[in-house]
Amino acid sequence: MLHPPSPVDINYYDYFCVSLVEMLESEEQEIKGLLDKEDTDTERPFGKGTDHSLTKCREYLLLGVLLFSHFVALCTDTFLFPFFPQEAKSKGLSHVEIGTVFSSFEFARFVTAPVLGYLFYWISPRRACLAGTALSAVSCVSFGAATYAPNQMFLPLCITIRVLAGSATASLTVSVMTILLKKHIIPD
């Protein structure tokens with residue numbers, strides 16, 4: 001059973017409630033003062049309200065690495081023009097089939113780039129950049145090893161490898177541009 005509080009208990013409860021309210025008001029004033037206070041922290045290299053995760057040197061290094069990897073990935077499209085037609089003719093391919101192998105790279109880039117741009121909402125551009133670089137390297141080595149394939153498997157294998165290389169280059173292109181625009185490295 002509950003008993004009515006005694007006069008001594010009422011004073012204790014009043015004192016407790018008043019002190020609790022005063023403490024909450026003082027904490028509220030302190031927090032409000034901290035929020036209103038100007039941010040004068042001079043240790044941050046880029047000042048107030050900026051993304052200071054990259055310094056200028058690291059920004060230029062990132063720019064150089066990304067553009068170099070993009071350049072190398074695009075070179076994978078053109079390095080085989082002088083050599084592939086002779087090898088393909090020795091394997092029994094016609095001019096139309098050789099053109100199909102060449103055009104499969106650009107077709108894959110054309111299809112993959114918009115899809116990846118849409119998927120960057122769910123996957124990070126950094127992961128896509130790393131995956132594109134790795135897939136581009138694997139497809140280059142695989143395309144070089146395709147000369148050891150039997151004649152009837154040579155055309156489908158070359159087209160498949162070139163589609164993978166085109167998708168990798170599209171992934172690298174889209175992710176490099178996204179990273180550069182996100183980090184504000186490209187000047188306005």
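Even glycines carry a Cβ here, placed using N, Cα and C.
According to TrEMBL, the protein has these features:
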TRANSMEM  60-81  transmembrane segment
DOMAIN    62-188  domain 'Major facilitator superfamily (MFS) profile'
TRANSMEM  101-121  transmembrane segment
TRANSMEM  128-148  transmembrane segment
TRANSMEM  154-181  transmembrane segment
For the transmembrane segment (60-81), sequence-distant contacts whose Cβ falls under 8 Å of one of its Cβ atoms, 6 or more beyond its ends: 54, 102, 105-106, 129, 132-133, 136, 139-140, 143, 165-166, 168-169, 172-173, 176, 179-180, 183, 185
Long-range environment of the transmembrane segment (154-181) - Cβ separation under 8 angstroms, sequence gap at least 6: 62-63, 66-67, 69-70, 73-74, 76-77, 88, 91-93, 97, 100-102, 104-109, 112-113, 116-117, 120, 125-126, 128-129, 131-136, 138-140, 142-143, 146
